Amino acid sequence: MMTPMWISLFKVLLLLFAFFATYEAKEYERIIKELFTITNDEGVVLFNTSADSAPFMPIPTQHDDPTQKQKQNQNQSPIPETNRHYHQYHSLIQPDQYFKVQRSPNGKLNLVFNDTFVSLQRTDTEVQSEQPIPPRHPSDTFVFPDSPIAKYRPPQSPARPLRNDTKEHNPCAKDESQHLRNFCTNVDDYPDLSGLTHKLKNNFAKFFSNDLQPTDVSSRVGGSDERFLCRSIRKLVYPKKGLRADDTWQLIVNNDEYKQAIQIEECEGADQPCDFAANFPQSYNPICKQHYTQQTLASIKSDGELDVVQNSFKIPSCCKCALKTG
């Protein structure tokens, strides 16, 4: 059973409900009109000032609009037409000041305070227009035969000379017919060594005193009952350029007056199977390998002034059959 206190509270609530239920509808309408501006136009207008003098503010166009500038020149006090499909929001500061957020047809939001146009968002076109324009090169444009650009030719850097110590794929002369793996008997732009005659004669005479005799250039074979598993060729060469021990190319002193002869032996089929490979066990893979030795030669300095120095070069010495397992 309800206590007297709850009964009294319930009666008060009933009286309040009856009071609000019987409140005249026109009183609600009067209050709403004081707080909001009621219009039948399309769009929404919120938080307008309650003063009777507060106008329904139109939305001005952007200041950089050429059409708007032309209208302002013709009439100093233009009244822009209202774009009714924009959403406008007014402030509650005072009757002659207002703050609006408007959405343009392209979806961009804008701020307007006392007819001052402030953009909140930038369209894609505006963002693209602010991007720096890359510099144009003659290759990026159409060039007509009579244009000055067609007559312009950018300066070209001179071709690099053949360096002494580069790992070039073809360090020898272009017309070299017998290019060896480690030496060139003919090179382009070989220097004139006449200025080094005194130094070559006094300091490097030992390099030009050897008198090697050419040997048989046929494949190495022993007696009638001997045969090597890898075929090779012996040569006596006078190289003008060679591969050093550090795998860089360098010019070698070799001309009509000062000659350095070296004897080399190269594999006919380097990294190829040895002869009689089928007779080896299946677990072994016989391969012909080129072996090298080092020999010191009088060479031309790689950089700086023309000079003679000593350097070690890789000399192909023999061809051996090596067994690989697996």
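Cβ atoms are placed via backbone N, Cα and C, with glycine included.
Worth saying up front: this structure is predicted, and the values here are computed from it rather than measured.
When the candidates CYS172, CYS288 are compared with Swiss-Prot, only one is recorded as disulfide-bonded to CYS230, and it is CYS288. Between CYS274 and the candidates CYS172, CYS184, CYS321, Swiss-Prot records a disulfide bond only with CYS321. Feature annotation from Swiss-Prot across ASN75, ASN164 places N-linked glycosylation site at ASN164. The disulfide entry in Swiss-Prot for CYS267 points, among CYS184, CYS319, to CYS319. Ranked by Cβ neighbours within 10 A across all protein chains shown, the disulfide-bonded residues CYS319, CYS321 are led by CYS319. Comparing CA positions across the disulfide-bonded residues CYS267, CYS288, CYS319, the one lying closest to CYS274 (disulfide bond) turns out to be CYS288. Broken down with DSSP, the domain 'Spaetzle' (228-322) shows 3 helix, 53 strand, 39 coil. In sequence order, CYS230, ARG231, SER232, CYS288, LYS289, GLN290, CYS319 make up the list of same-chain residues 6 or more apart from CYS267 (disulfide bond) whose Cβ falls under 8 Å from its Cβ.
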